[in-house]
Amino acid sequence: MPTYNIVVFGGDHCGPEVTAEALKVLDVIDNSNADVHFNIQPHLLGGASIDAHGEPLTDEALAAAKAADAVILGAIGGPKWGTGKVRPEQGILRLRKEMGTYGNLRPCFFASESLVKTSPLKEEVCRGVNFNIVRELTGGIYFGERTEDDGSGYAVDTEPYSRAEIERVARLAGFLALAEDPPCPVWSLDKANVMATSRLWRKTVTDVFANEFPQLKIGHHLIDSAAMLMVKNPRALNGVIVTSNLFGDIISDEASVIPGSLGLLPSASLTASPDGKSKCNGIYEPIHGSAPDISGKGIVNPVAMILSLGMMCKYSLQQPELAKKIDEAVRNVIEKGINTADIGGSAKTAEVGDAIAKELEALLK
């Protein structure tokens, strides 16, 4: 029976509320016939860590995360900690950098067909949307040299990218596309008509797929036309989307509104391709923030957090059947109408979590 070491960062505000529901799901698996055991290690991150330790991420918590099989994160940040010298966001940036989570995965899909009506897009436009955005997470403009405005009214950000960085994330996208049944197309987004780094990006991605994934379809879109296409005909992007840090940050937020609630979509940030040959640690978290306006009210949607567990089982733990069971349990509960207010229901956070745990327990018998 494999035992997996899982570090849990509840984080701030509604973060601990959703991780509490995730732990219910892990407890069900732990006590089922799945022959899987979890060693849960809770630690502080973000504002909670600042309050307790004066820093957003302690060396002890970082070491635990790096040594773990996977990391679960609720959400961090909030107005209490402002924009001062020590900020919650510094903790997650350090965590990503030190763990080396170079690939951020944000799938866009409907957890249940019944949710199509919650989308801001027309049903005939969004029905059948199913793509996975792979964002390069540790390079690009967020990590380039910068010059702050010193009062002169002038500032500079630079976007560096190396061929090796682009090759690595392109291979991750190719692996994910190849793992689908049947293999799906890959869409690379750039701004090659203007930016030198984008021209390097396009050439490198083209070379990787020609040499290493010749059986896959690879297409290229300029980021601005892709942003338009995502609203006009998002199914045209079904498959795997791969793009740079900045473009991925923006386009994944655009995609996040398609299912109708931020509380529905999971994410993963991976340290390696999940090929089963080497360790693939990852940070698994919902795409929503800490939502201080609703924290403590018991109304935050735990679905995104629980679906993130499914991604954890699929990628870091190499337990694809468990991942399918988690997704199925979530779908069944949504279709039974046990939903939080953001998707038209009246259930509380804990009620949804309890229902999913109970459904999963039945599926694992």
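Quick reminder: no glycine exception, Cβ is built from N, Cα and C everywhere.
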Q: Let me know which member of R135, R199, R202 Swiss-Prot also records as binding substrate at the site of R96, R106, D224.
A: R135
Q) When you measure from the Cβ of D249 (Mg(2+) binding site), how many other Cβ atoms are you left with inside 10 Å? A) 16
(Q) I need the nearest neighbour of R96 (substrate binding site) among the binding-site residues G82, D249, D253, K297, using C-alpha distances. (A) D249
Q. Between R96, R135, which of the binding-site residues has the fewest other CB atoms within 10 angstroms in the structure shown?
A. R96
Q) If you measure D249 (Mg(2+) binding site) to R135 (substrate binding site) at Cα, how many Å is it? A) 7
